[in-house]
Structure formats: C-alpha cells, structure tokens
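What follows is a short report on a single structure.
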Amino acid sequence: MDKRNHLIDLLRFVAATWVAIFHFNEPIPYIANWYRSFLKIGYVGVAIFFVISGYCVYLSALRSKTPRDFLVRRICRIFPPYWFSILLVGLSVIVSLIVNKANSVAVLPKNISGILATITLSTTPLFDVPIMNWVYWTLTYEVVFYFLVFISMFAKHQYRIYSYLFISISGFFLPVHEMWPLFFVKYWPAFALGVATYRLLNEKTQLWQTALLLAISVSGLFYIQIRPYEAITCIITAVLIVSNNFKPLKANPISTLGDYSYSIYLTHVPLGIFILGVVKQQSIVQNNVWVNIVWDLTLYAVIVCLAKLMFKFIELPAISFGKKITNVTRKAAV
C-alpha cells in the first residue's frame, strides 16, 4: 500500500510554483490584467508551506527516537541545500559584476559575524543581518519552529501538546514584532494548525486538547497580524489535508514534482531574478500578458530541472547522511 501523502506533495509544488512566479513579476511595474492580479497574492504560498511544515515536522518528531535524532535530521534536511543556494547567490553577484560592473542583485555580509549569521540562518528576522535571497526569512521561521519542537520532545509524548497550547495561547497576549525576540508569534498559528491537523487525523487520545489547539490556531490566524489571504489559505490547506484522509490523492506526475519544491524555492530568486531577470525588463515581456506567461513558464521549467538535480545530488544525500549518523550513534550507545 502506498503510504505517501501525494496531496501534500502536490500542495508543496503548487506553493513553490506560486511563490516563484510571484517573485518573477515583483521587480517589474504592475500592469492590471488577470495574470498579474492572480500572481499578486502569490505570497500565500508561504502560508501553505508553514501549515505543511507543522504537519510534517510534527510527524518527523514522532518518528525520531530522541530529540537529538530529530534535530540532526532536520539540520541535514534544511542546511545543505540552503548552503548550495548561497553559492548560487554568489554566482549571481559575479555575473552582475561582470555585466553591470557592480553588485546590483544581493546584499552580502560585510563581516565575520554577518557571514556566520548567514551560514546559520541567524539573519533577519532573528537578528539584524540582511538576507541574501528574498526567501531566506522564511527559513529562519522554520529553524525556530524546529527548535521549539526539539525542546518539546524532552517531555513525555502526552505532555507535548501543552507546549503547543502554551505558545498558541501566548500569541494572543504578546506583541507582534518583525524582529527578535517575538517575530515568531506572527506565523506560529500556521505551524500550530499543521500540528493540530496531524493530531486530528492520526492521534485518538487527548482529543479535547487537539480540538483546543485547532480552535486556537484558527482564531490566531485572524487575531494575529497576518494578511487575510494568508489566514484563509492556511485554513484551505488544512481542510484539503483532512479531506484527503477520506479519499487519498493517487500518485501523479505533478505531485511527484513536490520532491523538488524546496530546491525550487531556494533557487528561483538567484537564477530567475538575479541572473535572468534582465529579460523581464524588456517592454514586450512586461506589456504582453501572453509573452510574459510564456517566459515565466520557460524560466520556471529551467528552474525545475535545476531543482531536480539539486534534489538528487544534494538533498537526498544529505537526508541519507542524517539518517546514517543518527543510526550509527544509536547503535554505538546500545
């Protein structure tokens, strides 16, 4: 029996696609047409990612034997592709220096502390270090979420739900900051909604705690300062995941592309905007909606091909390495 959740794969690919094409069109003047209007809300793809992350990371924590195993595997999952994408940003800077005689694409760290912050994802919004790639701020949210899940794992399973409830309730009373220390409050309800959705479908105990987390998460989406479209998208994502539990989506070519969503997310800015964004500056691309669509899809196809290679040669080996070192450590401890 196929146990893979193909709907989540599909949603990941849809989110990556929407965010990428949204970003392709952000640097150029807005022209009112149906295509640009639809893309203008492409930022909601991030909300889809956060709900899915809450769902999948909670599952990953359940499958991990120890908190250390969880943390090591998460680090191996997120950082190697991220570091490779930094190299792509560096390549885009070199191209800009050659073509434009100046770095007109990315803000580079200016000192050792900035370099270390960039390598460790301790950049904006965690600390006041500019990000090199437009999407990196979301990865800082992910890392903080991993850390909070990691901390919760030191408690017995039946008590972990209370840590999620505590943070969720606290969000109603804490001010929303764009930076440290309370930046995470803003998007916590999206992650918590993913956790609550997983528990609702897969855990038959502590039902009232799960229902409470679900209710608080949904309320938090609207009470805490995120945009309405993001809140609605979070709820739609959770509803789709729940409905898929009753009639699972079968494997299909598009859901298979979900494997490449993280690499797509990391590479579309340096490749599609920093290096090839010059194409978007042509008036025919900006003013003709069909030429714009054709270019966006062509560019996106190139990025998907690169993402496939990244997944094969960077993501998969890193994931395997994380599993290997945690298994070796566990055997050595026996």
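Yeah, the Cβs are placed from backbone N, Cα and C, and that goes for glycine too.
Because TrEMBL annotations are produced automatically, they should be read as predictions rather than curated entries.
The annotation transmembrane segment is assigned in TrEMBL to 7-25 (among others). With a threshold of 8 Å between CB atoms, the same-chain residues lying at least 6 positions outside the transmembrane segment (7-25) that come near it are 36, 39-46, 48-49, 52, 55-56, 134-135, 237, 240-241, 244, 248-249, 252, 254-262, 264-265, 268-269, 272-273, 277, 280, 292, 296, 299-300, 303.
Annotation comment: TrEMBL describes 7-307 as domain 'Acyltransferase 3'.
Summarising the annotation, TrEMBL assigns transmembrane segment to 37-61 (among others). Away from its own ends, the transmembrane segment (37-61) comes close to residues 8, 11-12, 14-19, 21-23, 25, 30, 70, 73-74, 138, 141-142, 145-146, 149, 152-153, 187, 190-199, 202, 226-227, 229-231, 233-234, 237-238, 241, 265 of its chain (Cβ-Cβ under 8 Å, at least six residues beyond either end).
Under 8 Å from some Cβ of the transmembrane segment (82-99) lie the Cβ atoms of residues 105-106, 108, 118-119, 121, 132-133, 136, 139, 266-267, 269-271, 274-275, 310, 314, all in the same chain and six or more residues away from its ends. Summarising the annotation, TrEMBL assigns transmembrane segment to 82-99 (among others).
According to TrEMBL, the feature transmembrane segment maps to 134-155 (among others). Residues 19, 23, 46, 49-50, 53-54, 57-58, 61, 64, 66-67, 70-71, 74, 78, 82, 121-126, 163-164, 167, 183-184, 187, 191, 265-266, 268-269, 273 of the same chain sit 6 or more residues outside the transmembrane segment (134-155) yet have a Cβ under 8 Å from a Cβ within it.
Within the same chain, residues 124-128, 141, 144-145, 148, 151-152, 155, 192, 195-196, 209, 212-213, 216-217, 219-220, 223-225 sit at least 6 positions outside the transmembrane segment (162-185) and bring their C-beta atoms closer than 8 Å to a C-beta of that stretch. Look at TrEMBL and you will find 162-185 (among others) tagged as transmembrane segment.
Summarising the annotation, TrEMBL assigns transmembrane segment to 205-224 (among others). Outside the transmembrane segment (205-224), and at least 6 residues removed from its termini, the chain residues within Cβ reach (under 8 Å) are 158, 161-162, 164-165, 168-169, 171-172, 176, 185-186, 188-190, 192-193, 195-197, 199, 230-231, 234-235.
Taken from TrEMBL, the feature transmembrane segment applies to 260-279 (among others). Residues 12-13, 15-17, 19-20, 23-24, 27, 49, 81-82, 84-85, 88-89, 91-93, 95-96, 105-106, 133-135, 285, 295, 299-300, 302-304, 306-308, 310-311, 314-315 of the same chain sit 6 or more residues outside the transmembrane segment (260-279) yet have a Cβ under 8 Å from a Cβ within it.
Listed as Cβ neighbours of the transmembrane segment (291-311) (distance under 8 Å, sequence separation of 6 or more from its ends, same chain) are residues 17, 20-21, 24-25, 35, 81, 84, 257, 259-264, 266-268, 271-272, 276, 279-280, 284-285. Among the features that TrEMBL reports, transmembrane segment is placed at 291-311 (among others).
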